[in-house]
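Down below is the structure, laid out as structure tokens.
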Amino acid sequence: MELFPIIPAGGILALLVALYMTSSVLKEDTGPKEMQTIAAAIREGAMAFLNRQYRTIAGLALIVAVLLALLTRQYHTAVAFITGAFASALSGYIGMYVAVNANLRVAAGARNSLNKALTVAFRGGAVTGLAVTALSLLGVTSLFYAFGGATNPTRAPLDIVGFGFGASFVALFAQLSGGIYTKAADVGADLVGKVEAGIPEDDPRNPAVIADLVGDNVGDCAGRGADLFESTAAENIGAMILGIALVPFFGVKGIVFPLVARAAGIIASIIGMFFVRAEENQDPMAALNRGYIVTSILAIIFLYPISRYMLSGPGVNFIYFYGAGIIGIVLSFIFVLITQYYTSYDYRPVKEIARASITGPATNIISGVAVGFESTALPVVFISLAILGAYWLGLKSGLPGGGLYGTAVATMGMLSTAAYILAMDTYGPITDNAGGIVEMSGAPEEVRRRTDRLDASGNTTKALTKGYAIGSAALATFLLFSAYIDEVKIALNIKGNFPVDIGKPEVFVGAFIAAMMVLLFSSTAIRAVGNAAQYVILEVRRQFKEIPGIMEGTAKPEYGACVDIVTRGALKEMVLPGLIVVITPIIVGLVLKAEAAAAFLMVGTITGVIVALFLNNGGGAWDNAKKYIELGNFGGKGSEAHKAGVVGDTVGDPFKDTAGPSLHVLVKLISTITLVLAGLFI
């Protein structure tokens with residue numbers, strides 16, 4: 001157990017570095033009064049939404065915790081659920097607080113140099129990445145030992161599955177409400193402001209502009225933070241459950257290996273973060289990529305001694321497990337490249353949509369849907385190769401049943417860079433907000449150019465991290481499916497395989513319902529954006545009509561009215577899709593039993609991953625097709641192609657920022673629900 005101290009050391013170091021970076025960001029110059037006033041409105045709106053969101057989620061979580069205690073008759077599960085929910089909410093709160101304070105400092109820093117603004121923005125994002133991964137690691141570790149991990153290590157992992165369920169529960173509602181908020185505000189601001197009134201983006205005359213900027217934080221910052229928090233927590237717990245079978249070969253090392261690997265990944269991310277700096281004329285994306293490459297190389301290096309020490313035994317060659325970990329790290333790189341290909345305007349798919357816009361909105365939509373469907377192929381091929389490759393390496397290791405553990409190590413490899421990836425993701429809304437503050441405050445053109453460059457790189461990082469999130473979700477849910485099968489075998493005292501026969505009517509029906517649920521959930525999430533956006537559109541139109549002088553700039557819009565309308569709409573609309581996901585797997589498991597629940601989990605994961613890829617990449621491609629036209633291609637701004645591009649972008653908004661990211665959470669939530677309630681499905 002000599003490597004055990006790395007676990008608390010990695011978590012505590014991450015929190016200390018996050019504290020240092022928070023202090024570093026808050027010490028920066030806050031700029032002129034005009035910037036401070038705008039930033040204060042964004043901060044007030046974002047924190048008010050977060051407080052109301054968490055109050056709503058807390059009430060729902062309390063009800064679920066009581067039901068869990070009554071159904072499972074185990075206080076461990078309910079305590080773990082509440083702990084996971086609280087830790088997930090806390091990490092989101094920390095990230096949001098720093099993001100809404102960093103945006104102003106980035107805008108002010110852009111008056112001096114690009115590097116100053118980049119450093120502040122990335123450090124603001126790094127706080128979220130470090131807080132999320134540290135709280136996930138420390139939460140799982142603390143519960144493992146609190147529930148008897150030192151004396152009964154083969155039982156404790158089964159008692160802490162509620163932590164993953166709690167994290168997933170909060171993540172689903174945080175991602176849903178945040179996604180509904182950000183896109184309802186965005187659609188409302190764009191359709192009335194840009195299309196009807198003909199004013200540019202982030203124009204202070206637009207009554208929905210503050211709500212739009214608030215939405216960037218609650219969707220991309222708090223939502224994605226909760227998403228990756230549950231990925232790391234659920235993956236750790238799933239791998240620990242698989243590790244129970246390895247105790248005869250590795251002792252307790254097989255169970256705690258995921259925690260040590262996670263801590264090493266956090267340390268690699270911390271080092272990589274300090275390599276992010278850029279010259280005035282350098283592309284900010286190059287600086288961010290440098291840090292990512294350093295993080296990935298260090299993760300590969302650190303994984304070697306950990307694998308050698310913890311996964312070696314009589315007749316077992318650790319090098320195969322090390323190879324499986326490298327597969328996971330390489331897969332994360334490949335996912336980034338695939339996402340970039342389908343969502344960047346440097347490549348064919350986006351240019352194809354932009355060209356189709358010349359003949360109107362209909363051909364834009366047709367082309368975007370085609371690109372979205374096409375974009376599912378390569379990710380599925382590489383996920384499949386990664387799972388098969390890692391499984392084969394696990395089998396070659398000499399460990400009986402080592403194939404599944406090989407896939408677990410691959411998942412650990414992919415998630416080893418999670419802290420850095422999440423820092424890149426939160427960097428996106430911070431730079432977006434900074435650009436809005438600069439635009440609304442009337443800063444000089446040079447400052448706007450700097451924030452535009454940062455914002456462009458931020459849009460790229462947001463798209464890339466969605467690709468990473470769905471790839472890690474796919475691997476994590478395969479791991480959790482294996483953990484569910486293991487738990488059922490333990491409950492039934494089965495020594496061999498537990499076959500899932502899709503030819504049985506009840507098993508087929510369980511699978512069928514899962515595919516339907518994914519599409520029904522997506523429908524309700526997209527409709528929720530439309531419903532909430534209608535309220536915003538009506539309010540913006542009302543203000544343009546009833547408040548004279550807004551368009552002339554002599555009267556100030558009522559920003560707070562739009563913020564309040566979107567907040568109430570998002571919290572109301574999140575309930576139905578959320579309940580669909582929580583209730584459906586429970587009904588399937590209780591009525592159709594464990595084998596049908598396994599089929600539900602398997603098909604729900606497959607359908608969820610593919611639909612999420614379609615929604616994320618299709619929406620991202622529509623967004624950048626519009627941006628490509630705005631650069632002066634196919635007629636530029638104001639042309640018929642541009643109008644068609646705006647329509648496509650508006651359709652893609654709820655795809656890529658609401659339904660798509662929520663599906664990442666859905667596939668993990670159905671896994672953790674079935675894990676927690678497996679005993680009731682027997």
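A Cβ is built for glycine as well, from the same backbone N, Cα and C atoms used for every other residue.
For 1-21 (among others), the entry in Swiss-Prot reads transmembrane segment, with the evidence type sequence analysis.
Note on the transmembrane segment (56-76): residues 82, 85, 89, 147, 159-160, 162, 165-166, 169-170, 173-174, 177, 571, 578, 582, 676-677, 679-680 of its chain, located 6 or more positions outside it, place their CB under 8 angstroms from a CB of the stretch. The feature transmembrane segment is assigned by Swiss-Prot to 56-76 (among others).
Residues or ranges marked as transmembrane segment in Swiss-Prot (evidence: sequence analysis): 160-180 (among others).
Note on Lys656 (substrate binding site): other Cβ atoms within 10 Å of its Cβ, all shown chains, come to 27. The feature substrate binding site is assigned by Swiss-Prot to Lys183, Lys656, with similarity to another entry given as support.
Within the same chain, the residues at least 6 positions away from Asp190 (Mg(2+) 1 binding site) whose Cβ sits under 8 Å from its Cβ are Glu201, Val646, Asp649, Thr650, listed in sequence order. In the three-state DSSP assignment, the secondary structure recorded for Asp190 (Mg(2+) 1 binding site) is helix. According to Swiss-Prot, the Mg(2+) 1 binding site annotation covers Asp186, Asp190.
According to Swiss-Prot, the Mg(2+) 2 binding site annotation covers Asp216, Asp432, on the basis of similarity to another entry. The Cβ of Asp216 (Mg(2+) 2 binding site) lies under 8 Å from the Cβ of Thr182, Gly428, Pro429, Asp432, Asn433, each of which sits 6+ residues away along the same chain. Secondary structure at Asp216 (Mg(2+) 2 binding site), taken from DSSP and collapsed to helix, strand or coil, is helix.
The feature site 'Important for ion transport' is assigned by Swiss-Prot to Asp220 (among others), with similarity to another entry given as support. Here the Cβ of Asp220 (site 'Important for ion transport') has 28 other Cβ atoms within 10 Å, regardless of which shown protein chain they belong to.
Neighbours of Asp227 (site 'Important for ion transport'), defined as other CB atoms within 10 A of its CB across all chains, total 30. Per Swiss-Prot, site 'Important for ion transport' is recorded for Asp227 (among others).
If you look up Swiss-Prot, you'll see 237-257 (among others) marked as transmembrane segment.
Marked as transmembrane segment by Swiss-Prot on the basis of sequence analysis: 258-278 (among others).
Away from its own ends, the transmembrane segment (318-338) comes close to residues 261, 296, 299-300, 303-304, 307-308, 310-312, 375, 378-379, 382-383, 386, 389-390, 393-394, 396-398, 402, 405-407, 409-417, 421, 464, 467-468, 470-472, 475 of its chain (Cβ-Cβ under 8 Å, at least six residues beyond either end). Swiss-Prot lists 318-338 (among others) with the feature transmembrane segment, giving sequence analysis as the kind of evidence.
The feature transmembrane segment is assigned by Swiss-Prot to 353-373 (among others).
What Swiss-Prot records for 375-395 (among others) is transmembrane segment, and it gives sequence analysis as the kind of evidence. Same-chain residues lying 6+ beyond the ends of the transmembrane segment (375-395) with a Cβ under 8 Å from its Cβ atoms: 320-321, 323-324, 327-328, 331, 334-335, 338, 342, 349, 402-407, 409-410, 467, 470-471, 474-475, 478, 609-610, 613-614, 617-618, 621.
Positions annotated as transmembrane segment by Swiss-Prot: 404-424 (among others).
Neighbour count (other Cβ atoms within 10 Å of the Cβ, all protein chains): 26 for Lys462 (site 'Determinant of potassium independence'). The annotation site 'Determinant of potassium independence' is assigned in Swiss-Prot to Lys462 on the grounds of sequence analysis.
Look at Swiss-Prot and you will find 506-526 (among others) tagged as transmembrane segment, backed by sequence analysis.
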Exercise. Hey, which of the recorded positions Asp186, Asp657 is the loneliest by Cβ count within 10 Å?
Worked result: Asp186
Exercise. Which listed range (1-21, 506-526, 574-594, 662-682) shows the maximal number of Cβ pairs under 8 Å with respect to the transmembrane segment (160-180)?
Worked result: 662-682
Exercise. If you count Cβ pairs under 8 Å, which stretch among 1-21, 506-526, 662-682 touches the transmembrane segment (258-278) the most?
Worked result: 1-21
Exercise. Setting Asp623, Asp649, Asp653 aside, what same-chain residues sit with their Cβ within 8 Å of the center of the Cβ atoms that define the Ca(2+) site, listed in sequence order?
Worked result: Asp186, Gly619, Trp622, Lys626, Gly648, Thr650, Val651, Gly652, Lys656
Seminar exercise, completed: Per the Cβ under 8 Å criterion, with at least 6 residues separating them from its ends, the transmembrane segment (506-526) contacts 176, 179-180, 500, 576-577, 580-581, 584, 588, 592-593, 595-604, 607-608, 611, 615, 654-655, 658-659, 662-663, 666, 670
For this session: Could you check which of these recorded positions, Lys183, Asp186, Asp220, Lys656, Lys668, sit within 10 Å of Asp623 (Ca(2+) binding site), going Cα to Cα?
Result: Lys656
Problem set entry | Residues satisfying Cβ distance under 8 Å from Lys668 (site 'Important for ion transport'), sequence separation of at least 6 | Gly164, Ser168, Ala171, Glu230, Ser231, Ala234, Ala473, Ala476, Thr477, Leu480
